[in-house]
Amino acid sequence: MDPEPGPSSSAGTDPPPPPGPSQPPPQLSRYEAQKRRDWNTFLQYLRNHKPPLTLARCSGAHVIEFLKYLDQFGKTKVHAAGCAFYGQPNPPASCACPLKQAWGSLDALIGRLRAAYEENGGAPDSNPFAARAVRIYLREVRDAQAKARGIPYEKIRKRKRGGDGRGGSASSSGAAAGGSSSSSAVAPAGEVSGGGASS
C-alpha cells in the first residue's frame with residue numbers, strides 16, 4: 001500500500017522554468033558605440049594589412065598609414081597648392097581636388113582609439129595612438145587643411161570669446177566651412193580643437 005507519488009514529489013526533477021525576459025544590455029552612449037565601431041574597423045584594417053599585423057606589433061607609423069587609408073572615405077574638400085581656389089574658404093565653383101578626412105574627425109578618432117586600446121588591455125606606455133609621430137601628423141594635417149581652406153583654426157577659436165571686430169569675420173569663415181560639403185566633418189573639429197589632443 002505504497003502511497004502514489006503526488007505532484008509535489010516530482011518537483012525536484014522537473015526542468016527549471018524557462019527564463020523570463022532577460023534584462024536588455026545597457027544602452028551604449030553615442031561615444032561608446034562609435035568607439036567600439038572605430039576599434040573594430042582598426043582591427044579589421046590590421047587583419048587585411050599586407051602582411052597581416054598583430055596589435056602587439058602595431059606602431060605609430062601603422063596608425064598614420066591607417067589615417068591616410070581613411071582619406072578615401074573623406075568628405076572634406078582639401079584644395080591642392082596649385083588649385084585656383086587654394087586658400088579660399090568659400091570657392092565659387094567646384095574643382096578636381098580630392099576629398100579627405102577633416103582634421104577634426106581624425107583628431108577625435110585618435111582620441112577614441114587611444115582610449116579603446118587601453119580598455120582592451122593595451123599598456124599606456126606602448127599605445128601606438130599616443131605616439132609622438134601621430135601627434136605630429138595630426139598637427140601637419142590641421143595646418144595644411146587650414147591653409148588650403150583659408151580658415152586658420154586659431155581664428156575660429158577666438159570667435160567664441162567674442163573679442164574685436166575680426167571675431168565676426170572669423171565667425172563667417174567658420175559658417176562658410178560648415179556650409180561646404182564637409183559640414184559633418186567640420187562639426188567635430190570645433191569640439192575637439194578646444195581639448196586639443198594633438199596640440
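Note: Cβ is positioned from N, Cα and C throughout, glycine not excepted.
Taken from TrEMBL, the feature compositional bias 'Pro residues' applies to 14-27. Marked as compositional bias 'Low complexity' by TrEMBL: 169-191. Here TrEMBL flags 30-157 as domain 'ALOG'. Annotation source TrEMBL lists region 'Disordered' at 1-30, 150-199.
Residue counts of the domain 'ALOG' (30-157) by helix, strand and coil are 82 helix, 4 strand, 42 coil (DSSP-based). Confidence for the domain 'ALOG' (30-157), expressed as mean pLDDT, is 92.
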